[in-house]
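What TrEMBL says about this one:
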- A:29-49: transmembrane segment (TRANSMEM)
- A:56-74: transmembrane segment (TRANSMEM)
- A:80-102: transmembrane segment (TRANSMEM)
- A:109-129: transmembrane segment (TRANSMEM)
- A:149-172: transmembrane segment (TRANSMEM)
- A:203-223: transmembrane segment (TRANSMEM)
- A:243-265: transmembrane segment (TRANSMEM)
- A:277-297: transmembrane segment (TRANSMEM)
Amino acid sequence: MSGKRQLILATVLLIAALAAPAFVGNYWLRVLTTVFMFGVVAQGLNVIVGFAGYHAFGNSVFFGIGAYATGIGMTLGLPVWVAIPVAVAAAALIAAVLGWPFLRLRGHYFAIATVALNAAATEVIINIGGVTGGAQGLPLPFSSLPPTLLYRIIYFAMLATLVLATAIVFWLSRSRLGYALRALRDSESGAEVMGVDTVKAKILAWTISAAMTGSAGGLWAYWLTFIEVGTAFDISISVRGYIMMLLGGMGTVIGPVIGAALFQLVGDAIWSHFSGIHNLLLGALVMAVVLLVPQGVLDSLSRLRPPARRPRRAAEA
Amino acid sequence: MSLLRVEKLDLRYGDSQVLWAIDLAVEEGRISALVGANGAGKTTLMRAIAGLVRPSAGRISFGGEDLARVPAETRVRRGIALVPEGRRLFAGLSVRENLMLGAHVRTDRSAVADDLSKIFALFPELEKLSGQIAGTMSGGQQQMCAVGRALMARPRLLLIDEMSLGLAPVVVDRIAMALKSVNAEDGITMLLVEQDVELALEIASHATVMDTGRVVLDGPSTALIDDPKIREAYMGLAA
């Protein structure tokens with residue numbers, strides 16, 4: 001799908017999202033907030049997987065770090081609007097430091113290492129105890145705001161985060177860094193002989209990815225007001241984000257957002273109608289997606305257009 | 001003065017040594033060729049010069065400076081650009097994006113735009129196909145794009161690995177002519193690796209012959225063309 005069409009689609013979706021709270025009840029407000037949250041997680045994956053080609057299956061570790069850093073910050077008395085940015089910075093910093101050794105691993109090894117990192121982080125949080133609450137979990141200070149207002153604030157904060165993440169991906173898609181990442185996704189040594197500092201580019205990509213994922217985690221913690229390691233570092237957060245990214249179209253600007261909306265809304269619909277077998281149906285759906293639209297729905301949509309504008313096969317030189 | 005100088009270079013892949021005491025000098029402003037049969041170590045030597053493999057002994061210097069501790073991406077900044085064997089375009093990127101990646105290290109935007117139009121003048125089909133995904137082009141178009149991409153770095157030394165491999169003779173001729181004109185007009189020094197010895201000696205003014213990891217002959221192309229050993233061993237011509 002062309003950049004212009006993506007921009008139009010994004011604008012329409014944004015207007016709908018801004019207007020929605022005036023029309024929907026609490027249930028849908030919560031569903032949409034979840035859509036935005038996973039949209040941010042999927043965009044975070046899009047940066048490191050879609051652009052750089054590094055399969056960060058364990059990116060949920062940054063969701064957990066964002067959540068815990070927010071929780072700890074607030075417990076120590078920071079206001080939420082300070083705690084979350086601090087948490088985002090913490091997630092980004094950890095990615096930047098760990099990226100140096102981790103991003104030397106390629107392919108499956110990197111993917112497995114990130115999963116191990118996620119597992120290790122849960123152990124660290126449990127064993128530190130103290131400010132983290134250890135295995136008992138961490139309650140966050142309650143907000144004094146009335147719940148209807150609070151949930152609307154969180155809705156708009158999550159939406160703003162998603163818009164910002166998508167804007168960053170848009171910038172990335174046309175920046176030097178973006179080209180460098182797409183080049184190294186194809187061939188790392190090829191990018192190096194073009195003068196691309198691949199180590200720096202990869203670390204930057206993972207840092208951006210971690211910051212996005214961490215911001216989703218931070219807002220999630222504030223929203224839930226109680227976090228524990230099992231849910232904050234749940235690997236299924238990145239698995240879901242992955243499916244959403246693939247569903248929408250990885251490496252595109254708004255694909256992950258579309259994927260998040262489709263997967264979450266369809267998932268909720270299935271869950272509410274077939275509560276006993278919803279995971280079975282969802283699994284079948286995922287398999288159908290991978291088989292039928294491997295490039296994502298955004299690509300399939302653009303294929304529905306008349307073929308005239310699609311690039312033709314080149315004539316032989 | 002030699003722009004590139006390789007001295008006593010040894011290189012090993014694990015336990016097996018593939019380059020033995022290689023000496024090579026590439027004079028500024030010239031086109032030099034590195035010829036020899038399959039497995040002679042030509043591509044390995046190119047990769048060592050580009051910084052993609054590390055020699056086990058010896059020295060490579062460029063413009064008088066030792067490159068031992070200079071990583072591949074920094075060598076591009078110093079002025080060494082590589083057209084890799086098999087072209088290695090970024091298949092998912094468009095032709096224009098591939099060309100612009102060649103200029104990744106440059107910040108002089110207006111000069112980059114000028115160079116892009118120069119490349120398009122050199123290979124007009126690239127301009128027509130500039131929005132097309134590189135992986136979908138024909139082999140010849142891809143090779144033109146790979147040469148253009150390397151030229152976009154505005155290198156002092158252009159390394160070209162097996163330019164003719166798998167291409168139709170007409171396409172090879174066109175690219176060879178383009179390289180000669182770029183060398184004549186911009187004075188870019190070139191080192192080309194070729195299995196097609198006849199082609200190499202035609203384009204280059206100077207050639208180095210390699211065999212099983214060693215330099216066996218070195219001299220002006222005109223002398224090598226008439227060398228009966230070369231004619232017999234590499235050109236399939238009777239002396």
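Using N, Cα and C of the backbone, Cβ positions are placed for all residues, glycine too.
A:203-223 is the stretch from A:29-49, A:80-102, A:149-172, A:203-223, A:243-265 with the greatest number of Cβ pairs below 8 Å to the transmembrane segment (A:56-74).
For the transmembrane segment (A:149-172), the residues of the chain that approach it from at least six positions outside its boundaries are 10, 14, 17-18, 21, 26, 29-30, 32-33, 36-37, 39-40, 43-44, 46-47, 51, 143, 178, 181, 208, 212, 215-216, 219, 222-223, 253-254, 256-257, judged by C-beta separation under 8 angstroms. Among the stretches A:29-49, A:80-102, A:277-297, the one making the largest number of Cβ pairs under 8 Å with the transmembrane segment (A:203-223) is A:80-102. Distant neighbours of the transmembrane segment (A:243-265): 1, 3, 6, 9-10, 13, 31, 34-36, 38-39, 41-43, 45-46, 49-51, 162, 166, 169-170, 173, 182, 286, 289-290, 293-299; these residues of the same chain sit at least 6 beyond its ends, with a Cβ under 8 Å from one of its Cβ atoms.
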